[in-house]
Amino acid sequence: MADQDATVVSQAIVDKTPISPSRPNPARKNSLEHHLAHRPDRQELINRNILPASTAAPAIQAQQKELEKHMRADSLNEKIAHRPAPETVLEKHIIHEDPRSPEDKYVEAIEDEYAKREGGA
């Protein structure tokens, strides 16, 4: 009797209907092909900052980006080191107001006063 029950269970009808039935839509079936046919080329992706402009291997692109970041920081630091003092820019009439904060002006005035007293005394 156990053999008959196993045979009956194995011959039972299995429901094979999909959980989410899809209707045969030719536009949907071909959507991947459509998107692949109309995808942007590499240069357009680079212009839109989706792909990096580098031709380096992907394994070293992160290091290349880090190096570029440090080079940019070094360049800015070099330019800041060579910029003129606020007094020079005021004397040349490039700007009309002192860009320093009142606190900075006060500290500089105190330092100048101390320098005068030490040098003059």
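Placed from the backbone N, Cα and C atoms, the Cβ positions cover glycine too.
Going by TrEMBL, these are the annotated features:
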REGION    1-33  region 'Disordered'
REGION    77-104  region 'Disordered'
REPEAT    30-55  repeat 'RPEL'
REPEAT    74-99  repeat 'RPEL'
Same-chain residues near the repeat 'RPEL' (74-99), Cβ under 8 Å, at least 6 residues beyond its ends: 105
For the repeat 'RPEL' (74-99), the number of residues DSSP places in helix, strand and coil: 14 helix, 0 strand, 12 coil
Stretch-averaged pLDDT - the repeat 'RPEL' (30-55): 88
